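What follows is a set of notes on a single structure, which appears directly below.
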């Protein structure tokens, strides 16, 4: 207990501007006041720490009484300074004690034991006469000493002198033990206790110990949540007066700490110290685990948590965990939507002050951070730090799943969403989700039509920066990306990466629905629309929608009548670039490629190759689902729609969908009634050309499709396919309800009506319905027979009828 009093006296009641001859009295006075408040003075201690018995209390009171009588009047001026002097420590408890003491009169501040003795001997008039007048009190409250740098005012000249050291960065008081320097001698005195004493003050809650009682008082507020210091401007409260003082600079705009190198000003000395490491490059804090160095001790402390594998800070809203409390605070603003920091230039708002500061440099053009290696300058220090990794090759952020390393922590965060599947950013217009906020921002340009990037050469505008960069290489002719295998060069790295897959056969993009893999993401994205049925590209003229932008572009030409693709050599124009390319390959219409089997000629060699497979029977393309083989990729793609159920062709009139374009074309003629294909032999007209061709074979007797098993020939290839199933026993069309299989789709469709009870064929005579057309036809024959009988009965004479009914 005595050690506590000693530390309390020596550490917490150093006051400035008190002359040496009054300090003894003042300290004894305060010591007596404290003991008086604690109860009867059963024990006391002096500055040397010697124990004193209770009987010595009266002796000390007597001694203090005499000292006050001798020095009270002469020390009044200094006592007034003592009343108004600034406190030397930032201890909040001492501030309140001293402030309460100063609010009381000098008579009240003399503890009762001394006050009673003085009053008894000399009367109350002695003390009352010693009190300052009202004018003297007003003079005491004045602040006549004003700083030249920042205009701050002080009551005492020594306070101004101490304050000016902040601007000059002068630290004349140096510790002989550690060499640490201070602005004020009082701070040096407090610091020296570190070397001379231990940590006598312990927290009752968590057991933490402190060197100063003021530190313990401040620490206790972390348990109690007490924030007694309130800002008059905005009402924000703080646990420490120093924090309030720093906060108030936000309102006043005061930035008293100036960098000698670049002249930049800061509101806190710690911010200045951190800033100065930009110029010095000093990183004094080193991690013992990995050797990484940091400019701040707080950054090292936060870094240690990474090695410990702990994320102690959890968001109450979404449960996300963080290494640092500052990260949690920043994250929570996402849920609140708060953006308190606004740019005065453009009105843009930010949820962090640092981001606003970085943003302002866009308007000012300031780039204070310079790379020592290449001289490149940056507007933000974080950008410089990341840039320097280009020179060092450092990639400190490593994925635990796949081992991939990154030079940005944000890139690692985005990358990890590939493994977790997390896509937290959602488009409010179309509902599309993204794993990175930047992708959402860029995606929004699809809806807004914004094209903020323009080419300086030709003025062409672009939605995406990558498109602009790629376009600019068209002007320069630059192709910086070269394939190591074949030497082919490319405008951008993406095209090179995609090209390399042609050598490696890599197909990294897999469909989650059906497991199909693709070499290119664009192919996967296009494929996914088969499962989702999504058609995001819509024609504003007719409302027709498409799965691909290129398809919409081709369609739009129908409305404009434009033929944008011109042949420079022959002047021909085409709707599609593919048709122009085809024309370039064969501008004369010549068909130089001839089939040796049947003599048929083709414009392109690929067409001949496909044709020859009919003769050879080669079918290199196999369906993964059912094992069926095909002679071309297009026929395989059409076949796969049977398994996926995709019907991409929709009738705009009735909404009916079709698996093949030819099916839609045939169906469309039902609405128009058009039958443009007419037989020259019999004059019969058809809606579809293929049906006309099949019909004409009836006149010619030609049956080009022959069965290899039995020799039977057919007019149509489809009839041959159906016939061959009689030999193979193949029944590819299976009912999902009962499992029954059929050789023809039409048979399956007819069968499924048994389960659905659908009867689409209705008799016009009696209203009876049937599952199949043949059933209706048979039924209608009955009506035809009844009508014939009725007709005969009506036409025959009555006597014949009567006679025919009489037996002979």
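Think of each number as a place in line: the chain as shown, counted from 1.
Cβ atoms here come from the backbone N, Cα and C positions, even for glycine.
The SUMO2 cross-link annotation in Swiss-Prot covers 137 (among others).
Residues annotated as SUMO2 cross-link in Swiss-Prot, with a large-scale study or a structure entry given as evidence: 554 (among others). Residue 554 (SUMO2 cross-link) has a Cβ environment of 16 other Cβ atoms inside 10 Å.
Among the features that Swiss-Prot reports, SUMO2 cross-link is placed at 579 (among others). According to its DSSP assignment, residue 579 (SUMO2 cross-link) is helical.
Among the features that Swiss-Prot reports, SUMO2 cross-link is placed at 791 (among others).
Break the zinc finger (145-167) down by DSSP state and the numbers are 11 helix, 4 strand, 8 coil. What Swiss-Prot lists as zinc finger is 145-167 (among others), and the listing cites sequence analysis.
The feature zinc finger is assigned by Swiss-Prot to 173-195 (among others). The average pLDDT computed over the zinc finger (173-195) stands at 77.
According to Swiss-Prot, the zinc finger annotation covers 229-251 (among others).
The zinc finger feature in Swiss-Prot is assigned to 257-279 (among others); the stated evidence is sequence analysis.
Feature annotation from Swiss-Prot assigns zinc finger to 313-335 (among others); the stated evidence is sequence analysis. Sequence-distant contacts of the zinc finger (313-335) (same chain, at least 6 residues past either end, Cβ-Cβ under 8 Å): 302, 305-306, 351-352.
The zinc finger feature in Swiss-Prot is assigned to 341-363 (among others). Long-range contacts of the zinc finger (341-363) within the same chain, counting only residues at least 6 positions beyond its ends with a Cβ under 8 Å from a Cβ of the stretch, are 330, 333, 379-380.
The annotation zinc finger is assigned in Swiss-Prot to 369-391 (among others).
The annotation zinc finger is assigned in Swiss-Prot to 397-419 (among others).
Taken from Swiss-Prot, the feature zinc finger applies to 425-447 (among others). Within its own chain, the zinc finger (425-447) is flanked in space by residues 414, 417-418, 463-464, 536, which lie at least six positions past its ends and keep a Cβ under 8 Å from the stretch.
Here Swiss-Prot flags 453-475 (among others) as zinc finger, drawing on sequence analysis. Below 8 angstroms of C-beta separation, residues 442, 445-446, 491-492, 494 of the same chain, each at least six residues beyond the ends of the zinc finger (453-475), sit close to that stretch.
For the zinc finger (509-531), the list of distant contacts is 498, 501-502, 547-548, 624, 644, 646, 648: same-chain residues at least six beyond its ends, Cβ to Cβ under 8 Å. Residues or ranges marked as zinc finger by Swiss-Prot: 509-531 (among others).
Residues 662, 665-666, 669-670, 715-716 of the same chain, all 6+ positions outside the zinc finger (677-699), place their C-beta atoms under 8 angstroms from a C-beta of that stretch. Annotated zinc finger per Swiss-Prot: 677-699 (among others), in sequence order, evidence recorded as sequence analysis.
Across the range of the zinc finger (369-391), the DSSP-based residue counts are 11 helix, 4 strand, 8 coil. Remote same-chain residues near the zinc finger (257-279) are listed as 166-167, 169, 246, 249-250, 295-296, 368-369, 381 (criterion: CB distance under 8 Å, separation of at least six residues from the stretch ends). The two recorded residues, residue 579 (SUMO2 cross-link) and residue 554 (SUMO2 cross-link), have Cα atoms 11 Å apart. In terms of DSSP secondary structure, the zinc finger (453-475) contains 11 helix, 4 strand, 8 coil. Over all protein chains present, the Cβ of residue 579 (SUMO2 cross-link) has 15 other Cβ atoms lying within 10 Å.
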